[in-house]
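Working notes for the structure below.
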């Protein structure tokens, strides 16, 4: 059978989006791995699946697969594309959309200028909820990699993140250190690794090594986690503008227990069909 799909991106973080509300198919990890290959498939960072909800309090169910076939809990840039997609496909007429993910409910607001704001909910810092192996909760933790200690913040935005402060993201060892942090035994479900360079109280540069995808042009949950870490440690104040390789995201966070609000673009690239 042929499935219709849409290729989209949020600041270069690119997605294949499937509507399984009006189409019916059983998508497996092997399909994400096959389609995600940039040489022999469609090529993407993540596969986003739109499903009808089981929960009557939400509008849609949102599933995410990495290009390596692993299913993950959350994707912030994908959430913005999800909102744009369901409106463009007339699956809803709402501009405020409630969506159920593996990690909980998020709220998407589509603005008149095409930007999309995502209420990501409050960040989680308790190590067991990230999950992260630590004796007690702290603002920062020493993490040993190849005999060297690195100071990291550990936070969950529905998915796990480690955040490191660096002097210059251009020379940060993202491709060397990123995969080692991703697969560190203290992160039992692996982790996304963010490298943040603080410019001033409201601006920073960021690169993210994503779990199961490698370095991407942008990572929405990574931007949220980096902003939360920077504000928590007193490096920055809300609101925060983060410049990633693919462009800029705006993050607002009022403090512990409060939701993180992320705003940025969502772009449709092309429509296609793929054989299942």
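Including glycine, each Cβ sits where the backbone N, Cα and C put it.
Swiss-Prot lists 46, 66, 76, 77, 159, 192, 210, 211, 220, 221 as substrate-binding residues, and of the candidates 13, 55 the one it assigns to that same site is 13. The binding-site residues listed here are 66, 77, 221; among them, 77 has the most other Cβ atoms within 10 Å of its own Cβ. Secondary structure at residue 192 (substrate binding site), as computed by DSSP, is strand.
Across 13, 46, 66, 76, 77, 159, 192, 210, 211, 220, 221, which the record gives as binding substrate, the greatest C-alpha separation is 17 Å.
Apart from 13, 46, 66, 76, 77, 159, 192, 210, 211, 220, 221, the substrate site neighbourhood in this chain, defined by C-beta within 8 angstroms of the site C-beta centre, holds 45, 64, 72, 74, 75, 78, 208, 213, 216, 219, 222.
In this structure, the CA atom of residue 221 (substrate binding site) is 6 Å away from the CA atom of residue 75 (active site, proton donor).
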